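Trainee: Once you've had a glance at the structure underneath, I'll fire off some questions.
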Amino acid sequence: MSFLDSVLKAFVGDKSKKDVKEIQPIVNKIKALESEFEALSLDELRAKTSEFKAKIAEATKEVEDKIVALNKEADEIDDITRKEDIYAEVDALKEKSYEISEAVLNDILPEAFATVKETAKRFVNNTQLKVKASSFDREISAEKDYVTLEDDHAIWSNSWDAAGKPVTWDMVHYDVQLIGGVAMHQGKIAEMQTGEGKTLVATLPMYLNALTGNGVHLVTVNDYLAKRDSAWMAPIFQFHGMSVDCVDYHRPNSAARRKAYNADITYGTNNEFGFDYLRDNMSHAPDDLVQRPHNYAIVDEVDSVLVDDARTPLIISGPVPKGDTHEFMELKPAIANIVEVQRKHLVKVLSEAKKLIKEGDTKEGGFQLLRVYRGLPKNKALIKFLSEEGIKQLLQKTENHYMQDNNREMPKVDAELYFTIEEKSNQIDLTDKGIEFLSGKDEPDFFVMPEIGMEIAKIEKEGFPAEEEAEKKEELFRDYSVKSERIHTLRQLLKSYTLFEKDTEYVVIDNKVKIVDEQTGRIMEGRRYSDGLHQAIEAKENVKIEDATQTFATVTLQNYFRMYGKLSGMTGTAVTEAGELWEIYKLDVVEIPTNRPIARNDKEDLVYKTKREKYNAVIDHVTDLSNAGRPVLIGTTSVEISELLSRMLKLRNVPHNVLNAKRHKQEADIVAEAGNSGIVTIATNMAGRGTDIKLSKEVKEAGGLAIVGTERHDSRRVDRQLRGRAGRQGDPGSSQFYVSLEDNLMRLFGSERIAKLMDRMGLEEGEVIQHSMISKSIERAQKKVEENNFGVRKRLLEYDDVMNAQREVIYKRRYHALFGERLRVDLANMIFDISESITETNKAAEDFKNFEFELIRNFSMSSPVSEEEFKKMNAQKLAGEVYKSAYKHYDEKMSHNAERAFPVIKQVHEDERNNFERISVPFTDGTKTLSVVTNLEKAYETEGKQLIKDFEKNITLAIIDDAWKTHLRKMDELKQSVQLAVHEQKDPLLIYKFEAFELFKVMLENVNRDVMSFLFKGEIPSTGAPSIHEARQTKSKEKVETRKEEIPNMDERAAQSRAAGNTQRQQPEVTETIVRDRPKIGRNDKVTVKNVMSGESKTMKFKQAIPLLDKGDWVLVEE
């Protein structure tokens, strides 16, 4: 604890003690009820649940009844304004109902918690529990073997199978667990040390919040924990008639998964919850939805999910046109060559630098050393040399000298290099020498971007004929886009060769490149690096290069979890991230005291000069511990190190298991053995692992589990997770971290102070230092990294907040269209918006002719006012007249369509040979035709009105989805292009917000116009009955995939743009990929066009047709 912290504690008091003190009275109430609940029979105990539910129902009855009455009224009336008011009132009442039920939950909390605790006690004290059988008992006895029926009784066993592992219930909630349960119900994060039974604590708030019937989600980091915990805890809930399910057992979009979400309590992984939300917002029928509104979630390992995973958005993507065209394999040999040339050159430079420094020429030696560091920072010989006395300081001093005045002198250092590497920001740049080397003598301009502005001016000066000038400009733009893509490909290939190491950042399994999670050491199935980096690594490793994809739907985990009415979490390590959790999620962290004092011995770090010495010391220590009969858990940060230590232990004949990303399938078996005497387990990062390590009596006597950390992690929290695997529930144990000056953390973020300190102490090779001052310096370095990462996540969230606001608007509209109840209100608003837009633009220009034309184009109707009235009226009144007239016209049009369709529907319905459930009816607007599926029975009963409702729903959904996909692509491109704003000393985020708003406004206007245009013009073709046929139930599914993107941080993006700006400074433009939706037509090709108003057709050259097509009243007829 820092000095400042201890001073603050003395004056302000200890936050964790305050938090516990506030909760203690509630815990006392729960304990006071214990004797009363012990006296209850099993049936009386079970009746408590019905009693609680009745209390909630009674309290919310008045509000719920009002909601039902208002919805009924809205269905029966046609007045759009009244409908809108009703829906606003319904939304407000739903909020009120939620608040009332929350107040009731707070009142019944002591009794509800006492019920769960007493249930746990009964399961511990009885092998069988005999109760009067309910219908739920009968239902569950058919599925689960721990419930059997005997006459009209049900017998519950206290032993069952928890995801393949037999368990006998042996847990009752301690007082500290009750405190944790209360904190979680209040929407806070309970920090409980490992082994304090977080899984059991969660049963308390889950039972309480499930009483409302709105669903409770428990979110875990992996499917093993989701499946295990759901099976382990289920009987406690099921005994009280609550249904429990786990989404990871069922296929996406299936009826079984919908049933899992409809259960009272639902377990699952964060990814699946997020992907289901996205899939729901891509569905085309209400029956396809699986999730209910987001009510209450408890996130297990909350820091891992909300902090570590926050930089990785969930993405559903699909194929992009020409997604398989790239130049990775063509450019790969050149990159492999340039990397090798630079490596050979810098090896010589390094030996020259060593020689100069040895001779005392530190100026020139430092200069050469910096050059090597700029070109190959991960070179092993360089890292070893930097651990020698005074060398790290010399490098830092030289770097500071050349970095002053905004890197003014740095080009001197980089002059001999082909490319430079900024390891801290993961950034790489080609130098002029590198570009020259890659271009070769034959094509000097192979990588040089044309200066667009200058080139266009040149073309215009030449005075070419209009057609030729257009061709030349087209060619220039083509050349620009090919070269910018080529430079991007090149950069990503360079990055893959110099910054991404196999078996550290990724592994290759089954000829596929798979990312290793730096936090947990697990393989991230289905995740890909974005921005072409993954394809570059695939090219480097000679495996199949996957096609590029386009985003169809995306959400970050941060914004997904913020949708819940109430969010809480539990973890062993959140205090270090408490500031971030409060700032982003408004989640307070409550430290829960341990049930028994921690008996683990946490030793100060041992610091060595080189990695080699450090690993030798680790192996010596581990061998001694193993011989003493203690189990040892070695934590490593990469697959490569875990395999190196495994080889070293083999040479010493020490029996051991390795648990890393390559062996994740054997995880449960390895962890089960890890607590046995003398067993050594090597694991890559332990977040969420090792929860099942149990120690025998002999092991406890020998000193318990020994934790050996081979390196300090970037985050203090991950180190605490590793430490926490020992000393559970007051067991003995120890933890020891080994550090070397060559470790990444020390190299990148270790201060000059540590280097000076080591030199002052005269650390010789093989010697070790153990001092609290060193440990504090390491912690400071970790804090630096954490602050850096927090900045990145916060920046990312600010970008995503813009998307989130837009996503909410679009998904709300989609939801209304999907269910159709509020769609008429949305459509009326669309008509009003278009009316206002037409009126404002034409009134300002006093252009009555264009006003008439736009009304015909958008609403297929003539002007409701004369030219004289148009000139006299103000814009607001005129817009109102247009809206009234357009809405009346729309209403009549839809009634006419229903009347026209009904005779055919009647004929199909009354023909006894047809036993159709759903029929497909074609609608056309004169150019496009769309088949609308509707329920035949409902269409018949409503005299065709149901068909019109389905027509409105289908058109709105189809147009929104299409526009949203295109918009997402534009937003991706905008995010890339705004980074160039740094050249003009502007904040890219501000420009992004402004441009994104403009893009979204234009998209919404286009959606409104496209939807209304089709609805006003759309009608059933006059061919009649033959065009109506049975709708088959086959769903044509788009080929989509789900993945989590590893995205470069904003610093990287800005650095990339700065590099781009060095070659060319120009206005940041928003680039947009144009995707053709029709074949390319030559200017002199003959085409046929048709007038949508009169139906007249003409054949002419395409260049003559362009002005007509641009006006919008002529369309191209595809032959």
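Backbone N, Cα and C atoms are what each Cβ position is placed from, and that goes for glycine too.
Copying in the features that Swiss-Prot gives for the protein in this structure:
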BINDING   Gln177, Gly195, Glu196, Gly197, Lys198, Thr199, Asp692  ATP binding site
COMPBIAS  1029-1055  compositional bias 'Basic and acidic residues'
COMPBIAS  1059-1070  compositional bias 'Polar residues'
REGION    1025-1081  region 'Disordered'
Trainee: Among all the protein chains here, how many other CB atoms are within 10 A of the CB of Gly197 (ATP binding site)?
Mentor: 19
Trainee: Using Cβ-Cβ distances, find the residues under 8 Å from Thr199 (ATP binding site) that belong to the same chain and are at least 6 apart in sequence, listing them in sequence order.
Mentor: Asp229, Trp232, Met233, Asp300
Trainee: If I restrict to non-local contacts, at least six residues apart, and a C-beta distance under 8 angstroms, what lies near Lys198 (ATP binding site) in its own chain?
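Mentor: Correct list: Gly180, Ala190, Met192, Asp300, Met570, Thr571, Gly572.
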Trainee: DSSP secondary structure for Glu196 (ATP binding site), reduced to helix/strand/coil, please.
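Mentor: Assignment for Glu196 (ATP binding site) reads coil.
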Trainee: Just to be sure I understand the packing, how many Cβ atoms besides its own are within 10 Å of the Cβ of Glu196 (ATP binding site)?
Mentor: 24
Trainee: Using a Cβ-Cβ cut-off under 8 angstroms and a sequence gap of six or more, which residues of the chain neighbour Gly195 (ATP binding site)?
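Mentor: Once residues fewer than 6 apart are set aside, Gly195 (ATP binding site) is near Gly724, Gly727, Arg728, Gln729, Asp731.
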Trainee: Sorted by position, what residues of the same chain at least six away from Gln177 (ATP binding site) have a C-beta under 8 A from it?
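Mentor: When sequence neighbours closer than 6 are ignored, Gln177 (ATP binding site) has Glu196, Gly197, Leu200, Val201, Leu204, Asn595 within Cβ distance under 8 Å.
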